[in-house]
Amino acid sequence: MTAQIIDGNLLSQQLRKDVAVRAAALTAKGKQPGLAVILVGADPASQVYVRNKVKACEDNGLYSLLEKYDADMTEAALLARIAALNADPKIHGILVQMPLPKHIDSNKVIEAISPRKDVDGYSVLSAGELLTGLPGFRPCTPYGCMKLIESTGTKLAGKHAVVIGRSNTVGKPMALLLLQANATVTICHSGTADLAYHTRQADVVVAATGRRNTLTAEMIKPGAIVIDVGINRDDNGKLCGDVDFANAKEVASYITPVPGGVGPMTITMLLVNTIEAAERETN
């Protein structure tokens with residue numbers, strides 16, 4: 001068996017067509033969806049991510065506002081900018097690119113963003129809405145992972161899903177989204193005694209540890225769906241995920257590549273959340 005590759009670029013393009021249609025409809029009513037992106041400092045990876053987010057907005061009919069600040073920007077100044085954007089009717093979503101310089105409290109910054117504009121879905125309120133099943137903004141990466149799984153046509157109800165990783169941005173919300181879809185969910189992490197014992201029982205595995213070869217072929221149940229959230233570098237400096245892709249694809253039924261799997265979906269779901277924020281504001 002060789003797995004079918006879940007093409008995140010292709011699915012992303014399909015979803016962005018819908019984003020563009022919805023953006024055009026809002027713009028026709030005089031309510032063009034707007035996303036503000038704030039970058040503090042000059043982290044090279046962050047600069048690439050921010051550039052991609054702004055371009056995605058422009059390509060799909062959203063207004064984008066990019067604000068770049070030096071790494072010595074004070075926390076108070078950043079909070080003041082967020083307060084101003086909270087009050088700006090042209091802005092429906094606010095994203096502060098992480099990581100922030102060490103002197104700025106990222107939790108305080110996230111909580112300063114209006115809940116109506118928290119399109120990253122990182123705030124305590126957004127987390128609570130997800131936990132209790134209330135409508136709200138889902139964190140973009142897990143939201144994209146769910147769309148990738150849905151694209152296979154697999155019904156998650158009754159399936160056993162294993163999430164490797166327990167971060168607030170991916171692992172925990174991923175588990176909650178799978179739970180909402182009626183999967184039976186196991187969360188594994190650095191304290192899990194026998195990771196392979198759990199993954200070998202899983203119909204779906206989501207790997208989100210940030211470590212190469214966290215999931216190898218012998219740890220995968222034949223026919224499982226494998227979603228690889230990791231972004232790492234191999235010994236040659238080439239991009240790779242958390243999964244040993246070359247061997248895992250011979251065991252899984254569906255698998256996401258790195259790059260070209262989860263990555264493009266994260267930005268797409270940011271656009272979807274921004275559109276939803278604008279639609280709520282308009283309605």
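Cβ atoms here come from the backbone N, Cα and C positions, even for glycine.
Note that the structure is a prediction, hence the values are computed from the model and not measured.
DSSP assigns S190 (NADP(+) binding site) to coil in the three-state reduction, outside any helix or strand. Per Swiss-Prot, the feature NADP(+) binding site maps to G165, R166, S167, S190, I231; the stated evidence is sequence analysis.
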Measure the Cβ-based neighbour count of S190 (NADP(+) binding site), defined as the other Cβ atoms within 10 Å of its Cβ.
10
So, in DSSP terms, is S167 (NADP(+) binding site) helix, strand, or coil?
coil
